[in-house]
Amino acid sequence: MLTRLKAKSEGKLAKQLCRVVLDQFDKQYSKELGDSWSTVRDVLISPSLWQYAILFNRFNYPFELEKALHLRGYHTVLQGALPHYPKSMKCYLSRTPDRMPSERHQTGSLKKYYLLNAASLLPVLALELRDGEAVLDLCAAPGGKSVALLQCAYPGYLLCNEYDRPRGRWLRQTLESFIPQPLINVIKVSELDGREMGDAQPATFDKVLVDAPCSNDRSWLFSSDSQKAAYRIHQRKNLPVLQVELVRSAIKALRPGGLLVYSTCTLSKAENQDVISEVLTSDSNIVPVDISGIARTFSQDFTFAPTDQKCSLLVIPEKGKAWGPMYIAKLKKGMSTRKRQGEFCKPC
């Protein structure tokens, strides 16, 4: 079965590298990552080295596929290694480059699996979702992290927000493809500008995920339109402003004591550590949460860049562990406006 499915996906990895973007990344990331950049670069510019994880849908479990994956040497992301690791979430990885085709959307039929970069699961795990909680996925399209959240627990309410209308349609289709009707009833999809969410729904959610718009390194490196790519690079400096505004809006939407996870799929310090440092510096009611235990737990499957921010992690790809880039930071909204103790997360 797996061989047949894999054959259908061959030929999809032929991509054309965008020199404009690569030159910019070479200039920036050689400074920010130092010697690590050459290793990361080798993976990012070589799609044949990329790996894809297979997240099972617990609402239509693929038992036959699971047997086939075991025979091919796939293994699960370390289940039970974290105190809050959800037993209901099952994701398989291969240590060698391999890709199955995505399943087609069929109205009324649930898909059995979702393909994703395995590092995308880390923000979901960091959120520590529990049954009955009110959850906001602020920038939810295309829906992979929303699907992953629903593999972890049964929220009392899940708001999946996506401001971009075409991406919002993609999000709705993804949810319809993976989530059964009874659970769909506790999910709402909105198209609000994420910067306005805090004012629209103040102090509403127990958990908020901000998977922010960013300079998606993998995607940008293979931009087909060089002029559009050059424009993106020029406009890139504006992204941190948007990202900070999204995080501040998400904080407003959090209940006191609520948790926020911020994530991007870029290596950019300006869009990662600097965003979190700006938020922590400007808001005394936000407490950084130590997530260094995630790096220790998942070091066999992921490579993490060195950091002095214990509230954040940066997954960097290397051969055999071609996951990422993925930046994750975790914050907690205080119960009052008293001055926070900044022992966990130092502004960079």
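Using N, Cα and C of the backbone, Cβ positions are placed for all residues, glycine too.
Cross-referencing ASP206, ASP211, ASP217 with the S-adenosyl-L-methionine binding residues that Swiss-Prot gives (CYS139, ALA140, ALA141, PRO142, GLY143, GLY144, LYS145, GLU162, ASP193) picks out ASP211. For LYS145 (S-adenosyl-L-methionine binding site), the same-chain residues that are 6 or more apart in sequence and have a Cβ closer than 8 Å to its Cβ are SER120, PRO123, VAL124, ASP137, LEU209, ASP211. CYS139 (S-adenosyl-L-methionine binding site) sits 13 Å from CYS265 (active site, nucleophile), taking the Cα positions as reference. ALA141 (S-adenosyl-L-methionine binding site) and CYS265 (active site, nucleophile) have their C-alpha atoms 14 Å apart, to the nearest angstrom. Neighbour counts of Cβ atoms within 10 Å were compared across the recorded positions ALA141, CYS265; the minimum falls on CYS265. CYS265 (active site, nucleophile) and GLY143 (S-adenosyl-L-methionine binding site) have their C-alpha atoms 15 Å apart, to the nearest angstrom. With all protein chains in the displayed structure included, the most crowded Cβ environment within 10 Å among the binding-site residues GLY143, ASP193 is that of GLY143. Annotation note: LYS145 (S-adenosyl-L-methionine binding site) sits in a helical segment as assigned by DSSP.
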